Amino acid sequence: MEPPERADSIEVDGEKWVCDSSVDHKGRVPLRAHTGVWKASLFIIAIEFSERLSYFGIATSLIIYLTKVIHQDLKTAAKSVNYWSGVTTLMPLFGGFVADAYLGRFSTVLFSSLIYLLGLTLLTMSQFLPCLKACEEAICHKARKVHEIVFFLAIYLISIGTGGHKASLESFGADQFDDDHCEERKKKMSYFNWWNFGLCFGVILGVTLIVYVQDHMSWGAADIILIIVMALSLVIFTIGRPFYRYRAPSGSPLKPMLQVLVAAVRKRNLPHPPNPAELYQVSKVDHGRLLCHTEKLNKSGTPLSCRFLDKAAILEGTENFAEKQSPWRLATVTNVEEMKLIINMIPVWLATLPFGICVAQCSTFFIKQATTLNRKIGNDFEIPAASIFSLAAIGMIISVTTYEKILVPTLRRKTGNERGIKILQRIGTGMVFSIATMVVAALVEKKRLSVAEKDPLKGSRLSMSVFWLAPQYLIIGIGDGFTLVGLQEYFYDQVPDSMRSLGIAFYLSVIGAANFLSSLLITVVDHVTEKYGNGWFGKDLNSSRLANFYWLLAAITAANLFVFVFLARRYSYKNVQRNVAVAACPPANNNNNNQGDLVLEIEVKR
């Protein structure tokens, strides 16, 4: 039997076909048994593994490269890393928009991976071609300008590639699970945990194997490995094409938002209907699901009145007349609710920035601290400084595994929530760990400085072991397992269905904006402390006062946690009308006697 060409052209069995607006690689309604879920997601996780291997192989050792090869001072190098990290994690906003509006997620991943490969190729050329190398001689005190230009061009090409890759790939993986099918919906909640589990293995290999090759062989040899792995993973990703479920791009997701605002302004003088049921709603939408009307943007209200936005959906004529009206004059309840979702996210996005600033220290000052400490194991083997970052990935693996296998089943039984706890509760839990990280980091740095002052070889490698940094990396890794995974779930789940690539980009933009804020904070703190005494950021670590900076971050993050808790307690989650096949998902009271082959549709509020 041939599958139907369109999900809305024939009544289909929800157990056999996937009726969530997705299609298979031939443009038909997908067969549930042959497409999607883990059989498709494993191909997607494979290319994410290689991308994280490349990114962290470059990112964690970037500050070392900038100080040792390009010979930037500590403050300039830290800012350069923050700028690059910021651009890399903000680029997905552009990539996500292109994927949702025009190219689709699969095509965006494909094209951005090719750009990524181009960046890696240029990076490799800068290490091997004599005309592009940092220096002609073995030892030099400043890299040639042409090397700097090519090097920065290469890593920013990687930023562009990451922009399309990160925004689309994770949401493409989540698209393989049907929200309207109970079993697939539960698997989707586990998907983000196992996605990060696989991601962390890429991080661990990136900061151990790749960094070791950089440290003990050459930067160019490491770049060749990254090119080979990325090319192979791209082939694997393409092989999985018949198993994927695809979502057609729906045009600019920002246009409906603008239409709601214009329609609301046009009808600003109309009285609000006493019954929300009188507002205009359609029976189905082309992309995504219908949303229920909500009375407030959140439980405490916001400056932009919910009732004002509702006016965009006020009917000025009959139902038949409404269908002929311009969307710039009349919006649906679903469009209005989507606008509310975006407005509701703004304070949450802002309240997660201090956490992102704490995370930014892991790839800058934490790594630079490691370069000053004793990294030897035994008599011969020396750990590369950037490899210490692997402890953060190990902490995240421990956190994600414990949460998925122990906490979620226990909390589901106690709270009755499918997720175990609410998404924002998970994010807030990780913020507590970020505060602990900064406190521990400040104490360790104070200890490191005291050893440096007593060490007879001051300015050289200290006798203090690099494993003093282990607690701060493990704690931030555990916090990442709560907050970063929670942010991925939040921004994918709570955005309008047509904006899911942009949703993942919003999550990444938290880290990107936090990197820029970290650079700004360093500049401000350096200016103020130099003006009123000794600056906190010197030419090297021993002349700096990083412990004071860590205490400042701990105080900022602790104060912000109270703000976040206030917002989380008053947050109103997405309220979805979902059509569910009874045979696949029986009602909670289990009194329905019509379960079986008969497919019924029920309306459920999420």
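Backbone N, Cα and C define each Cβ position, glycine as well.
Taken straight from TrEMBL:
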TRANSMEM  83-103  transmembrane segment
TRANSMEM  109-129  transmembrane segment
TRANSMEM  194-213  transmembrane segment
TRANSMEM  219-240  transmembrane segment
TRANSMEM  348-367  transmembrane segment
TRANSMEM  383-403  transmembrane segment
TRANSMEM  423-444  transmembrane segment
TRANSMEM  464-492  transmembrane segment
TRANSMEM  504-529  transmembrane segment
TRANSMEM  549-568  transmembrane segment
- Query: Under a criterion of three or more Cβ pairs within a distance under 8 Å and sequence separation of at least 6, are the transmembrane segment (423-444) and the transmembrane segment (348-367) in contact?
  - Reply: yes
Most Cβ pairs under 8 Å to the transmembrane segment (383-403), of 83-103, 194-213, 219-240, 504-529, 549-568, goes to 194-213
Most Cβ pairs under 8 Å to the transmembrane segment (504-529), of 194-213, 219-240, 348-367, 464-492, 549-568, goes to 348-367
Long-range Cβ contacts under 8 Å made by the transmembrane segment (464-492), restricted to residues 6 or more beyond its ends, are 170-171, 174, 189, 192-193, 195-196, 345, 348, 352, 355, 358-359, 362, 366, 369-370, 373-375, 383, 385, 388-389, 391-400, 403, 419, 423-424, 426-427, 429-434, 436-437, 440-441, 444, 447-448, 451, 500, 503-504, 506-507, 510
With the cut-off at Cβ under 8 Å and a gap of six or more residues from its ends, the chain residues touching the transmembrane segment (348-367) are 59-64, 78, 81-82, 85, 385-386, 388-389, 392, 424, 427, 430-431, 434, 437-438, 441, 469, 472-473, 476, 479-480, 483-484, 487, 490, 506, 509-511, 513-515, 517-518, 521, 546, 549-550, 553, 556-557, 560, 563-564, 567-568, 571
Given the transmembrane segment (83-103), its same-chain partners at Cβ distance under 8 Å and 6+ residues beyond its ends are 55, 59, 62, 111-112, 155-156, 158-160, 162-168, 171, 249-254, 360, 363, 498-506, 508-509, 511-516, 519
